[in-house]
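Engineer: After the structure tokens below, expect a handful of questions from me.
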Amino acid sequence: QKCCSGGSCPLYFRDRLICPCC
């Protein structure tokens, strides 16, 4: 999985709110 806007999938829930995993 990767961040929807690019980069690796965030590890922490609060970061996933900013950059969801796709």
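Backbone N, Cα and C atoms are what each Cβ position is placed from, and that goes for glycine too.
Relevant sequence annotations retrieved from Swiss-Prot are reproduced here:
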- GLN1: pyrrolidone carboxylic acid (MOD_RES)
- CYS3-CYS21: disulfide bond (DISULFID)
- CYS4-CYS19: disulfide bond (DISULFID)
- CYS9-CYS22: disulfide bond (DISULFID)
Engineer: CB neighbours of the residue listed as 'pyrrolidone carboxylic acid' within 10 A?
Structural biologist: 9
Engineer: Can you tell me the CA-to-CA distance separating CYS22 (disulfide bond) and GLN1 (pyrrolidone carboxylic acid), as a whole number of Å?
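Structural biologist: Here the two Cα atoms lie 6 Å apart.
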Engineer: Considering only the disulfide-bonded residues CYS9, CYS19, CYS21, which fall within 10 Å of GLN1 (pyrrolidone carboxylic acid) when distances are taken between Cα atoms?
Structural biologist: CYS9, CYS21
Engineer: Whole-number Å only: compute the distance from the Cα of CYS19 (disulfide bond) to the Cα of CYS3 (disulfide bond).
Structural biologist: 6
Engineer: Tell me the Cα distance separating CYS9 (disulfide bond) from CYS21 (disulfide bond), rounded to the nearest angstrom.
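Structural biologist: One finds 5 Å between the Cα atoms of these residues.
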Engineer: Round to a whole number and give the Cα-to-Cα distance in Å for the pair CYS3 (disulfide bond) and CYS9 (disulfide bond).
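Structural biologist: Here the two Cα atoms are 5 Å apart.
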Engineer: Helix, strand or coil by DSSP: which one applies to GLN1 (pyrrolidone carboxylic acid)?
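Structural biologist: Where GLN1 (pyrrolidone carboxylic acid) sits, the three-state DSSP reduction gives coil.
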